[in-house]
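Notes to accompany the following structure.
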Amino acid sequence: MKRQFEDVTRIVIKIGTSSLVLPTGKINLEKIDQLAFVISSLMNKGKEVILVSSGAMGFGLDILKMEKRPTNLAKQQAVSSVGQVAMMSLYSQIFAHYQTNVSQILLTRDVVVFPESLANVTNAFESLISLGIVPIVNENDAVSVDEMDHATKFGDNDRLSAVVAGITKADLLIMLSDIDGLFDKNPTIYEDAQLRSHVAVITQEIIASAGGAGSKFGTGGMLSKIQSAQMVFENKGQMVLMNGANPRDILRVLEGQPLGTWFKQIEEVTHD
């Protein structure tokens, strides 16, 4: 099945902490610059782009000179709060080099659950996009809670990006990660693991093969990416999971090159 993205106008791009923060804990400035260039190029071609960006914790750890993520929730929220400001400041500066304006939208799950607040945030997205601004979305870590009686967390930004793609009716979700896509088995263990180029149905076998948590700076593992693809399918959308090592590969993907894994349901043909 050939990839055809000519009709794609609205794109949600999700970038994870592992793509923004080097293994040393330092910020990957080159990667952020490349990402800003690619998004600005797409905007200049008439595309509408929303960026879902992790990284608040990684930025916070770097600024506060902390080597590892705190185990205490209040400290985690404090570090993320510091990091979010630094991350947005850097995004704003770098995007400005490409004459692109950005905005910040911080979400919690209850915002998209209640109809009134969902309508408000949907209108905010539409207004920003109509003004040629790139909304940069993250979860509001400083106030999100994950308690049984009042859970407001999305879980991680993989799922958040699928939610954003749904509420903005995006044509395509591109998920950048530190892996090349979805394999038939764990490529870090099995040398003969094969990359799945196209997934039309998310089977129990695929779900079972997706195990393990994320990086030390982030939270999302392969399972959350599969769950995100399921959410995208529920909204009749499509998603590409690809390596974020070179953000310019986004342009190649949109040209139809078979990078990463394309999650796209096969439409049933009805005969009269």
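Even glycines carry a Cβ here, placed using N, Cα and C.
Values in this document were obtained by computation on a predicted structure and should not be read as measured data.
Swiss-Prot names Ser54, Asp141 for binding substrate. Of Asn44, Asn157, the residue it gives for the same site is Asn157. DSSP assigns Ser54 (substrate binding site) to coil in the three-state reduction, placing it in neither a helix nor a strand. Asp141 (substrate binding site) falls within neither a helix nor a strand when secondary structure is assigned with DSSP, and so counts as coil. Secondary structure at Asp178 (ATP binding site), as computed by DSSP, is coil. Comparing Cα positions, Ser224 (ATP binding site) lies closest to Asn157 out of the binding-site residues Ser54, Asp141, Asn157. For Lys14 (ATP binding site), the same-chain residues 6+ apart in sequence whose C-beta sits under 8 angstroms from its C-beta are Leu51, Val52, Ser53, Ser54, Asn157, Asp158, Leu160, Ser161, Leu173, Ile174, Met175, Leu176. In this structure the alpha carbons, written CA, of Asp178 (ATP binding site) and Asp141 (substrate binding site) are 23 Å apart.
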